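Asks: Taken from TrEMBL, the feature domain 'Ig-like' applies to 19-111, 119-204. According to TrEMBL, the feature transmembrane segment maps to 260-280.
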Amino acid sequence: MPVKTSKAYLTVLGVPEKPQISGFSSPVMEGDLMQLTCKTSGSKPAADIRWFKNDKEIKDVKYLKEEDANRKTFTVSSTLDFRVDRSDDGVAVICRVDHESLNATPQVAMQVLEIHYTPSVKIIPSTPFPQEGQPLILTCESKGKPLPEPVLWTKDGGELPDPDRMVVSGRELNILFLNKTDNGTYRCEATNTIGQSSAEYVLIVHDVPNTLLPTTIIPSLTTATVTTTVAITTSPTTSATTSSVRDPNALAGQTGPDHALIGGIVAVVVFVTLCSIFLLGRYLARHKGTYLTNEAKGAEDAPDADTAIINAEGSQVNAEEKKEYFI
């Protein structure tokens, strides 16, 4: 039998080694330019390297492929350049190697960034509308790395004027009770090894608003009638004067409404109104009707003036003496 032969081509895959990240030195100052390099060797064909930051892939990277000494495998490296800021502190930068020999399970290397930055300061008041007599707490919220501790409180460029009433506890300034002398600019200053930062808060102490009691309108047929009777007995001026006298037991400086004065004014107004109505009614009653002179009475049908005068009820010829009485 003749000998038969067959050929087969064998491809051996080179499994890439676990990647390594280099170029990181801790800590990094905010604003510095960072250059990270991820390298892996022993891959055949050449492996693919990808970068991720906060699970977001970074596309703008440099890629380099070199043959190993055996001329059968490759060493692959990738370089990532970026400028760091405070938002990068604690962020994990991942280098991932993809290769067909890894069976969809990529190899990764991770580097957690540590960024040092100057403090950021913000003052938070306990109430947005501080009022006289109330307490107030100002909290100095400072963030930085290294963490600034403690903070420095000042007022109008100098020390706190009343340490007994203005107590500093950690990052808090506690003013026990406010008054108008506390108005001013309060400054919180935080410092760490990188630098210094501050924030200001302008305090304006507001007056306590006066709470006005609801005014009750007294019906004119009850209490107002009694007050009117008293005014008739004396005089409207006396009633108004008596009603406007303040209570001797009232507190000095009290700004509440004077109910006695309001009641007196209402009584005087009601009394004057009733008197005006009464006088107007009497005036209209006395002047109501048609008035004729004595000469005109009984002269409606007279043919001429002489006859009218003779026939008039008030004629001097046959008129009797009449008298009028006013009741």
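Think of each number as a place in line: the chain as shown, counted from 1.
Cβ coordinates come from backbone N, Cα and C, glycine included.
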Asks: Work out, from DSSP, the number of helix, strand and coil residues along the domain 'Ig-like' (19-111).
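Replies: Computed counts for the domain 'Ig-like' (19-111) are 6 helix, 54 strand, 33 coil.
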Asks: What are the helix, strand and coil residue counts for the domain 'Ig-like' (119-204) according to DSSP?
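Replies: Each residue of the domain 'Ig-like' (119-204) counted once, the result is 3 helix, 48 strand, 35 coil.
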